[in-house]
Amino acid sequence: MRVSPRILRSYQSVHTWTGILAGLLLFIGFFAGALSLFKPAFNDWATPSQHTLEPVAADKRQQLVDRVLSEFPAANDGFRLSYEPGAAPISWHPSGPGPRQKSVNLNEVISYATLTADDQLQIEQGQKNQLGGLIDQLHRTAGIPGNLGHEQIGVLVMGVASTLYFIALVSGLILLLPTLKKTLFALRTHKGSARFWLDSHNLSGVFSLPYHLIIAWTVVIFAFHDVLYGGMKLVYQDKPLFDFPKPAAAEFQIEQLPKIETFEALAQRLAPGHELMSLEFGRLHSKSPTLVMELNNPNGMMRGAYFDVIYLNPYTQEVAFGSVQQTVYGEVVKNLFAFHFGNFGGDFGRWIFFVLGVGGAFLFYSGNLLWLEKRRQKVGPQRKDVRVLAGLTVGVSFGAMLGAAVAIAATKWLYLFDISINHAYLWIYYGCFGGALFSCVLLGAARAAVLLQAGLALACLMIPATTVIAGALPSLGLDFKWSGATLILEAVALLMGLVFAVTAKRTLARGRHGDANSVWAFPQTAPKAEQVSA
């Protein structure tokens with residue numbers, strides 16, 4: 001295929017600058033998004049054992065609910081009944097549910113309850129660990145704090161970045177078309193680092209192109225859905241976009257609430273083939289009570305990241321909305337959401353999306369490296385713009401990963417102190433992120449890259465090491481528990497720790513013995529005799 005050189009130059013300029021402007025934000029989004037695929041595993045690993053409690057038998061679930069509602073008035077405003085393994089059977093907010101918010105509630109306190117073997121009520125209370133939620137928020141906002149109205153600023157910024165990302169994808173494909181057949185599978189390591197990074201970048205981008213197109217499109221929709229709905233109002237005018245149930249004439253009373261078995265049977269009828277994960281009741285003493293059924297479909301696509309949902313009135317069982325059986329439009333939307341969340345195909349599907357997410361982060365990282373290599377001065381010091389982008393690439397990429405890794409590794413140790421663990425996560429993440437950027441300014445990108453990769457290796461290795469220490473030295477008071485999901489999490493952390501140890505060693509060797517005329521070479525200090533004679 002032949003394309004005019006003038007057109008190729010234009011598209012190369014578009015591809016380069018859209019990629020540079022959005023790449024670092026998207027690196028954080030993809031790296032954190034890959035982790036958020038296993039949000040329940042992170043929550044399970046981070047939540048103290050005393051907050052999980054023992055499950056109750058199915059025939060005692062109603063007894064547990066009745067006891068909690070009679071002894072704890074706050075639970076009458078709303079409570080959550082969980083069917084997930086490892087989760088507390090029932091939980092509620094001791095000071096009331098409070099208003100819903102899009103960002104993670106760092107101060108959320110939860111009461112948990114179960115029945116002991118002799119039918120005694122066992123109660124625990126504590127701050128809800130939000131490790132998984134904060135990883136997901138990092139994925140959605142790239143760590144950009146603040147709100148604009150009721151929207152998170154980071155989400156809006158990521159929407160803009162994803163628009164640039166889509167342009168970069170299309171322009172990059174057009175650039176590659178003339179040589180696609182010849183160079184697609186070529187990884188030319190013998191033609192210099194610039195050619196190697198170009199081949200790696202192209203290979204990663206082409207083979208994951210459908211995935212990237214869907215991610216770019218859905219992120220824009222997630223970020224600007226209010227704007228889209230606002231535009232639709234011009235068409236619908238006075239007609240409401242959605243049908244909401246009307247409030248009842250009088251307030252419902254909790255004595256009217258049907259038995260739990262009724263809702264379990266209703267879930268099976270409304271969502272055949274789904275597994276009931278939770279029943280979350282809200283506003284039970286009001287004219288507009290709610291029940292949210294969360295249902296897992298291990299063999300199909302789901303609207304939410306981890307579940308389908310059905311919203312209904314718990315007293316009348318009137319369904320307000322459900323993502324299980326929908327119209328053709330609803331099914332299309334659900335499938336698009338599922339392709340973004342990677343929630344189909346079970347654990348195997350999530351691991352495929354994990355690899356794609358890590359590959360996406362590599363795509364943006366390699367794009368920056370390619371830009372740097374193409375502008376490398378072969379003689380003399382490197383240009384300032386090259387040094388600045390090298391520092392940003394290293395600081396932002398490794399800083400984000402280091403902040404997340406240290407926060408995860410510190411979790412069980414933080415519980416030894418009387419502090420707000422969720423606020424500690426933020427201090428750790430932003431401290432590591434800021435420290436990474438500062439190290440790039442102070443030491444330069446090359447030396448900082450070695451230091452940050454070594455720190456990443458240590459942080460990743462500390463995750464499984466902490467569990468070993470907790471089991472070997474119970475007197476320390478570290479929480480110790482095992483499950484299949486947490487074991488896999490620690491195995492992956494061990495593997496990544498070894499990988500970062502190897503890359504740190506190679507980066508060190510490159511800095512010391514590689515091409516001296518490179519932004520990745522350590523600055524050479526002239527001998528004192530030469531300095532004096534000069």
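Yeah, the Cβs are placed from backbone N, Cα and C, and that goes for glycine too.
The transmembrane segment annotation in TrEMBL covers 20-38, 153-180, 201-224, 351-371, 392-415, 427-449, 456-476, 482-502.
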Subject >> Beyond the flanks of the transmembrane segment (456-476) by 6 or more, those residues with Cβ under 8 Å of it >> reply: 398, 401-402, 405-406, 408-409, 412-413, 416, 482, 486, 489-491, 493-494, 496-501, 504
Subject >> Top Cβ-contact partner of the transmembrane segment (20-38) among 153-180, 201-224, 351-371 (pairs under 8 Å) >> reply: 351-371
**OP:** State, in range form, which of 201-224, 392-415, 482-502 has the highest count of Cβ pairs under 8 Å to the transmembrane segment (351-371).
**Re:** 201-224
Original post:
By Cβ distance under 8 Å, which residues at least 6 away from the ends of the transmembrane segment (482-502) in the same chain are close to it?
Top reply: 38, 40-42, 44-45, 86, 405, 408, 453-454, 456-461, 463-464, 467
